[in-house]
Amino acid sequence: MDLPVVLIADKLAQSTVAALGDQVEVRWVDGPDRTKLLAAVPEADALLVRSATTVDAEVLAAAPKLKIVARAGVGLDNVDVDAATARGVLVVNAPTSNIHSAAEHALALLLAASRQIAEADASLRAHIWKRSSFSGTEIFGKTVGVVGLGRIGQLVAARIAAFGAHVIAYDPYVAPARAAQLGIELMSFDDLLARADFISVHLPKTPETAGLIDKEALAKTKPGVIIVNAARGGLVDEVALADAVRSGHVRAAGLDVFATEPCTDSPLFELSQVVVTPHLGASTAEAQDRAGTDVAESVRLALAGEFVPDAVNVDGGVVNEEVAPWLDLVCKLGVLVAALSDELPASLSVHVRGELASEDVEILRLSALRGLFSTVIEDAVTFVNAPALAAERGVSAEITTGSESPNHRSVVDVRAVASDGSVVNIAGTLSGPQLVQKIVQVNGRNFDLRAQGMNLVIRYVDQPGALGKIGTLLGAAGVNIQAAQLSEDTEGPGATILLRLDQDVPGDVRSAIVAAVSANKLEVVNLS
């Protein structure tokens with residue numbers, strides 16, 4: 001069998017290739033060369049890039065086999081995420097690969113600005129020894145304002161606190177209780193401006209945050225404040241900051257990012273009190289290596305059909321360690337629902353009960369859709385394209401939660417309703433410390449069977465000797481029954497049997513079973 005092709009379009013560390021493993025074929029292409037890229041992508045199952053290669057709609061259209069685009073870094077400016085989503089292509093980045101490097105660089109700028117390191121260095125290199133010109137300011141005992149408490153902002157806050165500073169922060173999306181856990185005083189933006197001796201910005205750039213530190217904001221700061229921006233260019237108005245430094249209101253500043261990059265001309269460059277670097281926040285050997293290995297792991301997971309935590313175009317909410325083990329089980333429940341349905345359902349609902357209901361479980365809706373469509377769609381069904389497939393085929397999907405779960409700590413029910421009103425309902429749970437996947441209910445009938453391997457599901461008219469007839473026919477065909485579960489209908493003469501087998505059932509044996517027990521439904525379902 002041919003190995004999936006991973007196309008690397010930019011320079012990446014050798015550790016990235018090693019992390020991809022030996023179950024893929026790695027190819028290289030000069031990604032910035034458009035002609036070469038378009039010639040190479042048709043055979044690619046995965047495309048790895050950094051910032052030099054542009055992955056737009058044209059590239060995606062030329063890659064019919066493509067399952068994932070992986071950006072070895074944080075930014076995604078060079079990847080058309082919307083076009084990828086429309087084609088069902090997963091897009092991932094490495095959001096945590098550079099967070100330590102970025103946090104350390106912000107601290108380096110803050111320290112350099114507070115102690116006039118760059119000025120003193122230039123003076124001494126000019127053969128001038130004049131200590132009195134470079135009197136700095138301590139961080140100890142000061143108030144440091146962190147604007148944005150994301151991953152990097154939290155790291156900066158923790159490190160600044162170690163200097164003996166009092167840390168305050170502004171972030172409208174962080175709960176006060178969470179800030180308190182971090183030992184940080186949360187407040188409004190204006191209050192932070194008025195109180196902080198140092199301000200370090202750690203926000204994403206959005207229409208709402210662009211120009212956040214402008215002339216008006218700077219006027220609200222304490223005289224002698226020191227400002228650092230190592231997050232995104234354009235968050236700080238560079239002209240307004242330069243004016244504030246010249247006036248003496250802002251003591252010093254440190255910037256690693258600029259509104260337009262590459263940037264070789266700025267009013268800030270004329271000011272000795274301002275320390276500038278050319279967007280070096282992620283420029284460490286460790287960050288670059290980590291970015292490559294992180295996206296390599298995402299590629300490995302995607303090509304194996306598994307959930308990819310760092311996917312940016314999966315509308316499934318945050319997937320934490322409590323929810324992640326349920327993804328595979330719920331996908332299998334979707335497969336079983338499809339097998340027991342006479343037609344593609346008009347609606348699919350996922351109901352989560354018990355302890356799991358308190359988590360963000362939106363991703364389980366996508367898992368159920370993946371299972372449902374995996375048996376009826378020839379192409380790969382992913383967390384990305386499953387919602388689009390449902391919309392195209394008129395299948396509505398919802399997820400609900402409830403606290404009641406009398407027999408299990410948590411249960412997930414997947415319910416499909418056909419256009420004629422007929423219902424198929426499968427429930428499953430994770431059992432014991434090993435989180436064994438189990439089917440616990442089929443159409444209202446209680447079961448207790450592991451959700452694994454080859455399974456034979458039969459609905460038939462209950463009659464004496466039916467199970468013996470089924471076993472005899474399977475045994476004669478050399479098919480071994482590993483486990484069995486039988487449940488009678490609560491109303492009427494019907495029964496449902498679920499058998500786990502060691503192999504598939506030949507077509508003629510299926511027909512013989514249907515005839516022998518008057519089965520009105522027989523399906524073989526692979527839950528491997």
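Glycine is no exception: its Cβ is also placed from the backbone N, Cα and C atoms.
Other Cβ atoms within 10 Å of the Cβ of R232 (active site), summed over all protein chains shown, number 22. Annotated active site per Swiss-Prot: R232 (among others), in sequence order, evidence recorded as similarity to another entry.
The local packing around E261 (active site), expressed as other Cβ atoms within 10 Å of its Cβ over all shown chains, amounts to 11. Following the DSSP three-state reduction, the secondary structure of E261 (active site) is coil. Among the features that Swiss-Prot reports, active site is placed at E261 (among others), with the record citing similarity to another entry.
Annotation comment: Swiss-Prot describes H279 as active site, proton donor, evidence class similarity to another entry. DSSP gives H279 (active site, proton donor) a coil state; it is part of no helix or strand.
Here A282 (NAD(+) binding site) comes close to G73, V74, S97, N98, S101, A102, Q288, A291: these same-chain residues lie at least six apart in sequence, with C-beta atoms under 8 angstroms from its C-beta. Per Swiss-Prot, the feature NAD(+) binding site maps to R151, I152, D171, A230, A231, R232, D256, H279, L280, G281, A282; the stated evidence is similarity to another entry.
The domain 'ACT' annotation in Swiss-Prot covers 455-528.
Between the alpha carbons (Cα) of A231 (NAD(+) binding site) and H279 (active site, proton donor) lies a span of roughly 9 Å.
Cα-Cα distance from D171 (NAD(+) binding site) to R232 (active site): 16 Å (rounded to the nearest whole number). Only R232, E261, from the recorded positions R151, R232, E261, place their Cα within 10 Å of the Cα belonging to H279 (active site, proton donor). Taking every pair among R151, I152, D171, A230, A231, R232, D256, H279, L280, G281, A282, the residues listed as contacting NAD(+), the largest Cα to Cα separation comes to 25 Å. The binding-site residues close to R232 (active site), defined as a CA atom within 10 A of its CA, are D256 out of R151, D256, L280.
Around D256 (NAD(+) binding site), the same-chain residues six or more apart in sequence whose CB sits under 8 Å from its CB are H105, A106, L109, N229, A230, V276, T277, P278, H279, L280, G281, listed in sequence order. Cα of R151 (NAD(+) binding site) to Cα of E261 (active site): a span of 24 Å.
Secondary structure counts, DSSP: the domain 'ACT' (455-528) has 22 helix, 31 strand, 21 coil.
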